[in-house]
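Novice: Dumping the structure here so I can ask a few things about it.
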Ligand SMILES: [Ca+2]
Ligand SMILES: [Zn+2]
Ligand SMILES: [Zn+2]
């Protein structure tokens with residue numbers, strides 16, 4: 001679901017070289033022809049940005065490690081090139097290296113604290129508030145440079161942090177995610193478990209309404225349902241303004257189906273062309289897609305071979 005914003009169809013590009021390409025003129029015309037092909041089948045237009053300006057797309061030739069955390073593997077290697085997904089300067093890797101185990105964060109304890117906070121007003125001091133701040137701080141939601149010791153004061157920063165974040169208080173929703181995780185466990189070597197409150201989690205699931213600080217604001221009911229970041233980011237965000245359900249009719253979105261799709265992105269899968277696949281780009285209201293298809297299974301196994 002990562003795409004360039006709908007207002008942005010005129011993209012500029014620029015070449016940047018860590019290693020000078022031997023034949024720059026050829027490279028330029030090959031790239032410009034490739035852009036023209038895409039322009040002819042989409043609404044996009046592409047224009048080379050003048051030197052010194054900012055471009056939407058940066059094309060560079062590099063050798064080995066080149067500062068983005070994912071080195072190229074030299075001649076005869078498997079990696080020819082790598083592109084990053086849209087948009088907004090926030091680019092995400094598509095490939096990840098497998099680690100030992102992945103942990104799903106439990107929001108239980110903080111959820112309780114957040115509920116208590118509904119009764120509290122700005123300006124009050126309440127014991128235990130520092131724990132909530134610490135928790136929000138860990139995920140980058142609470143940033144107040146004047147409160148580096150994380151006091152128990154209810155301040156403006158905390159108010160705005162709480163406004164943009166919400167976690168559904170519903171056992172059904174939690175089990176929808178648990179089921180989705182189980183489906184991926186069944187098709188891969190991954191194991192998922194909820195992290196305890198003071199553990200750092202690899203995957204963080206959150207429901208937001210509108211702008212929530214990552215440059216990808218949600219758009220109210222309909223259209224964008226969720227977005228997730230590619231490895232090794234772990235953030236999986238769901239539009240709180242959708243009518244989520246665990247037993248959907250034609251007016252509701254099936255949370256488990258969307259969660260299964262989003263967690264595929266969290267693991268590193270891109271969209272599939274197969275309309276039946278869970279990793280296909282769209283899902284209609286009322287549709288249930290809770291089972292990984294052969295295409296999804298082949299996708300995850302190709303990305304993480306045994
Ligand atoms: Ca939406
Ligand atoms: Zn998607
Ligand atoms: Zn987000």
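Note: Cβ is positioned from N, Cα and C throughout, glycine not excepted.
Per TrEMBL, the features are:
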- 262: active site (ACT_SITE)
- 212, 214, 227, 237: Zn(2+) 1 binding site (BINDING)
- 219, 220, 239, 242: Ca(2+) 3 binding site (BINDING)
- 242: Ca(2+) 1 binding site (BINDING)
- 261, 265, 271, 279: Zn(2+) 2 binding site (BINDING)
- 1-129: domain 'Peptidase metallopeptidase' (DOMAIN)
- 131-306: domain 'Peptidase metallopeptidase' (DOMAIN)
Novice: Which ones, of the binding-site residues 219, 220, 227, 237, 239, have a Cα no more than 10 Å from the Cα of residue 279 (Zn(2+) 2 binding site)?
Specialist: none
Novice: May I ask you to report the DSSP-based helix, strand or coil state of residue 212 (Zn(2+) 1 binding site)?
Specialist: coil
Novice: Which of the three DSSP states, helix, strand or coil, fits residue 271 (Zn(2+) 2 binding site)?
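Specialist: Coil, per DSSP.
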Novice: Can you see whether DSSP assigns residue 239 (Ca(2+) 3 binding site) to helix, strand or coil?
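Specialist: Looking at the DSSP assignment, residue 239 (Ca(2+) 3 binding site) belongs to a strand.
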Novice: Whole-number Å only: compute the distance from the Cα of residue 242 (Ca(2+) 3 binding site) to the Cα of residue 261 (Zn(2+) 2 binding site).
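Specialist: It is 16 Å, counting Cα to Cα.
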Novice: Tell me, in order along the sequence, which binding-site residues from 212, 219, 220, 227 have their CA within 10 Å of residue 262 (active site).
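Specialist: So the list is 227.
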Novice: Using a 10 Å cut-off on Cβ-Cβ distances across all protein chains shown, tell me which of the binding-site residues (212, 261, 271) has the largest neighbour count.
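Specialist: Output for this query is 261.
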Novice: Note down the number of other Cβ atoms within 10 Å of the Cβ of residue 214 (Zn(2+) 1 binding site), including every protein chain shown.
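Specialist: Other Cβ atoms within 10 Å of residue 214 (Zn(2+) 1 binding site): 15.
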Novice: Of 212, 214, 219, 239, 262, 271, the recorded positions listed, which put a C-beta under 6 Å from ligand 1? Please answer none if none do.
Specialist: 219, 239
